[in-house]
Amino acid sequence: VYSGHRRFHMEPYSLQYIVVELILVKEHNGVQFTTSTLVSPAGHPHGHGHALGPSHGHTPVPGEERETWGKKIDFLLSVIGFAVDLANVWRFPYLCYKNGGGAFLVPYLFFMVIAGMPLFYMELALGQYNREGAAGVWKICPIFKGVGFTVILISLYVGFYYNVIIAWALFYLFSSFTGELPWVHCNNTWNSPNCSDLWAFNNSLNDTHKSTPAAEYFERGVLHLQDSEGIADLGLPRWQLTSCLAVVIVVLYFSLWKGVKTSGKVVWITATMPYVVLTVLLLRGVTLPGAMDGIKAYLSVDFLRLCEPQVWIDAATQICFSLGVGFGVLIAFSSYNKFSNNCYRDAIITSSINSLTSFFSGFVIFSFLGYMSHKHSVPLDKVATDGPGLVFIIYPEAIATLPGSSVWAVIFFIMLLTLGIDSAMGGMESVITGLMDEFKFLHKHRELFTLFIVVSTFLISLFCVTNGGIYVFTLLDHFAAGTSILFGVLIEAIGIAWFYGVDRFSDDIEEMIGQRPGLYWRLCWKFVSPCFLLFMVVVSFATFNPPNYGTYTFPIWANMIGWCLAISSMTMVPLYAIYKMCTLPGKKPNTHKLVKEWDENI
């Protein structure tokens, strides 16, 4: 190898090759290097053709060949499974109903086209070309590497509470294997005197304090909220929920411990099962009395609502969070693709499926909500809600009134489990891949490192399964991935479009798939998407409301902790940039000394 390099120095192209050598040597000064040019001829004129670009990122050193997906469908199902999560079921249908029905699709599809798809495409291409996780890909522009740690931290924070939702679904699933569902009547030990088997929404004062058996089962039977006075009074973890959480963690570990070879097989079940269950539930739902009234309310078009700014803000927010951009998951998943994989086609397919799933799930949800409205003779807006209340209170109550209710309950909570598991797997994979690619020695210990991550997540999640755990859950949900995720994607888009350069990024994509992104995509990356994200960050700060759970208001110190959590991830961007500027030398390097050091390392 030594003599070979000396021979190249005598060739006419030696200047270009020496530049490549200097780029490699900069690893000693903290700049990410690309492993392939150490042994591959890709860097000389017969390679990719631009010595200073990152074209070297896909030819790894022998013995460090990066794992790839077993089949192309494994990757697609993993991306779809991550992007299609619980929010598609409990968030989008309610937003659509609340914001003008079918008219809501106008701003939703508009933001999908100008921001959702371009950012989705950008992350898939970024990961596939550089073949590293969320932090490692920033070898293309090292000063922005902090944003990689930002998204890794956000994914870790989300795992602290997202796994708890899956544990709740598992608890409900176990409770459904009974002749009579436990949330049907008020004669249980956890029920309060205010529990009423009948929905009685009228103007009398007494009725406003009534609660349904389903609501009391969730808050008093499952969460034991009555035993806590607030976030300052958490109590010990409840063994029932802790056991369910432990099962979830075990499933996640054995789905991830061997990498994408195992997780790619798990998603064959977790990514496809929700569609089967949603279809079955829709076929049952449309046969119920009042179902068509619910669907009509879901689709009713009120274009006057488009004059309200909040409708557009809701649509933009939903796009940001429903596609899963900014969590580092898309980068991690695509980094295991083959270099020539058509990431453009994948981006169009998977992002479209995600939005269609959200729209389709609305028919399922509102067929049952229309049935509930008809059954209890109450307005639809009295039963229509979003968030955990929809899937753990309203929907279970609707299912409980059906013949064979236990069977339908089992089917429904299996769907929630599969929706949650593959999304949780994606978040964990973002953390694991991002840190393993940054700290190379972890590659040899993936099983142990994965165990460390999932156990750490489990220990923090225990705070969410205490008597007052719902307060911790609400705090994490409000602060962990709100403004911080929008900020992370904004910095990511600016780093790619304005510092690395849209033209260079387009060259990378052309090198992979054989065609250059069109003018539309380049304009979106450079101008439209960054402006959209900047607007969303400003709106997020301007419209911030402190979290609450029902009538409970969080104390100031709890909100301060929440903001510290959000800021802790965002500060990774400036902190790493300052570190990089302070550690890199400012003077011109000694070329002969660097070449000598490089030869010695070889």
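We number each residue from 1, going along the chain as drawn.
Placed from the backbone N, Cα and C atoms, the Cβ positions cover glycine too.
Around the Cβ of V84 (Na(+) binding site), the number of neighbouring Cβ atoms within 10 Å comes to 28. Feature annotation from TrEMBL assigns Na(+) binding site to G81, A83, V84, N88, S322, N354, L419, D422, S423.
Sequence-distant neighbours of C195 (disulfide bond) (same chain, six or more apart, CB under 8 Å from its CB) are C186, K210, S211, T212, P213, E216, listed in sequence order. Sequence annotations record features per position, and here TrEMBL assigns disulfide bond to C186-C195.
The annotation region 'Disordered' is assigned in TrEMBL to 40-63.
As annotated by TrEMBL, transmembrane segment applies to 75-93 (among others).
Residues or ranges marked as transmembrane segment by TrEMBL: 105-126 (among others).
TrEMBL lists 147-174 (among others) with the feature transmembrane segment.
Cβ atoms under 8 Å from those of the transmembrane segment (239-256) belong to residues 163-164, 166-168, 170-171, 174, 222, 262-263, 266, 421, 424-425, 428-429, 432, 450-451, 454-455, 457-458, 461-462, 465, 469 of the same chain, restricted to positions at least 6 beyond its ends. Feature annotation from TrEMBL assigns transmembrane segment to 239-256 (among others).
Summarising the annotation, TrEMBL assigns transmembrane segment to 268-291 (among others).
Listed by sequence, the residues of this chain that lie at least six past the ends of the transmembrane segment (311-333) yet keep a Cβ under 8 A from its Cβ atoms are 75, 78-79, 82-83, 85, 87-88, 91-92, 95, 98-100, 103-104, 107-108, 110-112, 115-116, 119-120, 123-124, 126-127, 133-134, 137, 148, 151-152, 154-155, 158, 260, 305, 351, 354-355, 358, 423, 426-427, 429-431, 433-434, 481, 485-486, 488-489, 492, 532, 535-536, 539, 543. Summarising the annotation, TrEMBL assigns transmembrane segment to 311-333 (among others).
Residues 80, 83-84, 88-90, 92-94, 96-97, 105, 108-109, 112, 116, 274-275, 278, 281-282, 285-286, 288-295, 297-298, 322-323, 380, 383-384, 390, 394-395, 397-399 of the same chain sit 6 or more residues outside the transmembrane segment (353-372) yet have a Cβ under 8 Å from a Cβ within it. Sequence annotations record features per position, and here TrEMBL assigns transmembrane segment to 353-372 (among others).
What TrEMBL lists as transmembrane segment is 407-427 (among others). Long-range contacts of the transmembrane segment (407-427) within the same chain, counting only residues at least 6 positions beyond its ends with a Cβ under 8 Å from a Cβ of the stretch, are 78, 81-82, 84-86, 88-89, 155-156, 158-159, 162-163, 165-166, 169-170, 172-173, 176-177, 181, 248, 251-252, 255-256, 263, 266-267, 269-271, 273-274, 277-278, 280-281, 284, 324, 327, 329, 332-333, 391, 395-396, 399-400.
Cβ atoms under 8 Å from those of the transmembrane segment (448-473) belong to residues 156, 159-161, 163-164, 167, 219, 223-225, 227-231, 233-238, 241-242, 245-246, 249, 252-253, 256-257, 428, 431-432, 435-436, 442, 549, 552, 554, 558 of the same chain, restricted to positions at least 6 beyond its ends. If you look up TrEMBL, you'll see 448-473 (among others) marked as transmembrane segment.
For the transmembrane segment (479-502), the residues of the chain that approach it from at least six positions outside its boundaries are 119, 122-123, 126, 138, 140-141, 143-144, 147, 150-151, 154, 157-158, 160-161, 320-321, 325-327, 522, 525-526, 529-530, 533-534, 536-537, 540-541, 544, 547, 562-563, 565-567, 569-570, 573, judged by C-beta separation under 8 angstroms. Annotation source TrEMBL lists transmembrane segment at 479-502 (among others).
Outside the transmembrane segment (523-544) by six or more residues, the chain places 111, 114-115, 118-119, 122, 313, 316-317, 320, 482-483, 486-487, 489-490, 493-494, 496-498, 502, 505 with a CB less than 8 A from a CB of the stretch. What TrEMBL lists as transmembrane segment is 523-544 (among others).
The feature transmembrane segment is assigned by TrEMBL to 556-579 (among others).
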Neighbouring C-beta atoms (10 Å sphere around the C-beta of C186 (disulfide bond)): 18
Na(+) site shell beyond G81, A83, V84, N88, S322, N354, L419, D422, S423, criterion: Cβ within 8 Å of Cβ centroid: I80, F82, D85, A87, G324, T357
Under 8 Å by Cβ from S322 (Na(+) binding site), counting only residues of that chain that are 6 or more apart: A83, A87, N88, R91, F92, N354, S355, S358
Tertiary neighbours of L419 (Na(+) binding site) (same chain, Cβ under 8 Å, six or more apart): V84, D85, L86, N88, V89, T270, P274
Neighbouring C-beta atoms (10 Å sphere around the C-beta of S423 (Na(+) binding site)): 27
